[in-house]
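Trainee: As listed in TrEMBL for this protein:
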type	residues	note
DOMAIN	48-226	domain 'Wntless GOLD'
DOMAIN	227-471	domain 'Wntless-like transmembrane'
TRANSMEM	233-253	transmembrane segment
TRANSMEM	265-282	transmembrane segment
TRANSMEM	302-320	transmembrane segment
TRANSMEM	354-382	transmembrane segment
TRANSMEM	403-427	transmembrane segment
TRANSMEM	447-468	transmembrane segment
Amino acid sequence: MAGAIIENMSTKKLVIMGVTLLLFQAFAFMVGGLIAPSPTTAVHYLATKCVDTVKHRQETKWFMPWGPDQCDKIRTFDEAMAKKIEANNIVFAVHIPLSNKEMSAWFQFMLVILQFDIAFKMYNQIEDGALVTIDVGLAYRDDTVSEWTEMAHSYEQRKLSCNFTTTKTFENEGRYYECDLLPFMEVGSVAHKYYLLNIRLPVNERKKVNVGIGEIKDIRLVSIHQNGGFTKVWFAMKTFLTPSILIIMIWYWRRITLMSRPPVLLEKVILALGISMTFINIPVEWFSVGFNWTWMLLFGDIRQGIFYSMLLSFWIIFCGEHLMDQTERNRFSVYWKQVGPIVFGSFFRHFYSMAFIIVAGICACLYFLFLCFMVFQVFRNISGKRTSLPAMSRARRLHYEGLIFRFKFLMLVTLACAAMTVIFFIISQVNEGHWHWGEHTVEVNSAFFTGIYGMWNLYVFAIMFLYAPSHKRYGDEQSSGDAGANSGEDIQLTTTITHVDGPTEIYKMTGKEAQE
């Protein structure tokens, strides 16, 4: 019975295929490094202190920090005290974006981080477990003359985490606490050109609202959005890669269904990997440019979680099905202890603190070490089967030595893809950077995003192609005399997916002494 394409394809064709995929891989990295800008942009804002002079206002008034309709402003809270302005009448206003700029639907999302500038005072220190209550309103408009339209309004609480690095004495009054950044808000679709934030810090001593939070001097915001240029490159890659994976997946499964036996576990997992790759490839984000779909960010996270869990689970099962040990495999239940934690962890990928990032990085490294151990076991077991080779004729021995090399090389490629995925995860959590290469600027993060994304697609493409059933079998092209000379040998080096014999025949290698 015919084996997989990886077993029967000529070495020349395999080399051509490998070089072609390598060139596409290099192109994917260059697209991000030399063409696309950095994936995201962070813009810093200092809130303007506006004064609301009207008490018990019925309608909502929006306070602009600048422009023809700008608010009445104060620079410091000392000025407010001198003018007898109460804290409840101070509104912190932030206009997004900065003056003479516009937001765009190509920005995809907007994440806003909050930071307080809090001065140390001996008689107004930050209490342990202090909570800040924030009355925040968000409005939008699409030109510079229209009225602001309310988009959201909410009362939020954030726990302060601040340290004062010097001694708490009267001499050090006025120095600032070092406070952690606080997650503030996230907009899943940037459908409007201008946004306005009005933030109040209501004080109610009787209800202990905003009491014991220190002396807040200023509010700073950091707005993070995806770069429009990177979005266009990203969408173009998705549009190009989607039909490529879809076509090879249909072709692969058609070949599987033409076989006389039902598909085994590894075949099903390869199909599932292709489906998850297609699911994350489909460029539905194009619709987010024309429609205000705020759920797109959540939908993208779900797609990535599914793909990560499928990819990491596939590598475990792929190595396990090549172990050639005495364990009864070809059953998903054999791998539930390894796959279960992977699926669980893949859906908790967004972290706000450095502690969670460190834990996630450690888990990723442990996964990679476990995968290395499984590949080592595969190599050891394959090497143990080489004892059957000397008894064969030279032609058949060279053939099976070539097969061993091919499977080992594919395992090393799998390990390299896993290593790059772990490195990508870690680098994507830290600050963006770029390198200068002559007159060109290489965007490191963009190169990793497009390069790793291209690598996943190329790897899935290669796996589905190489593990599809072949229409020919080694020996078909041999002469009848050579076939007769080797009739005394019975050797099989393959995976469960290429034969009807079942999971116990994985990489079965038996040999009778050749009749020379």
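Easy rule for this one: first residue shown is 1, then count along the chain.
Note that Cβ sites are derived from N, Cα and C of the backbone, with glycine treated the same way.
Given the structure is predicted, the values throughout are model-derived calculations rather than measurements.
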Trainee: The transmembrane segment (447-468): which same-chain residues, six or more beyond its ends, come within Cβ distance under 8 Å?
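Mentor: Distant Cβ neighbours of the transmembrane segment (447-468) are 4-6, 9, 17, 21, 24-25, 27-33, 36, 39, 230, 233-234, 237, 241, 244-245, 248-249, 251-252, 255-256, 266-267, 270, 273-274, 277, 281, 307, 311, 410, 413-414, 417, 420-421, 424, 427-428, 495, 497.
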Trainee: Would you mind listing the long-range same-chain contacts of the transmembrane segment (403-427), meaning Cβ under 8 Å and 6+ residues beyond its ends?
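Mentor: For the transmembrane segment (403-427), the sequence-distant neighbours (Cβ-Cβ under 8 Å, at least 6 residues beyond its ends) are 6-7, 14, 311, 315, 318-319, 322, 360-361, 364-365, 367-368, 371-372, 375, 378-379, 382, 385-386, 444-445, 448-449, 452, 455-456, 459, 462, 466, 493-494.
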Trainee: Which one, 233-253, 302-320, 354-382, has the most C-beta pairs under 8 Å toward the transmembrane segment (265-282)?
Mentor: 302-320
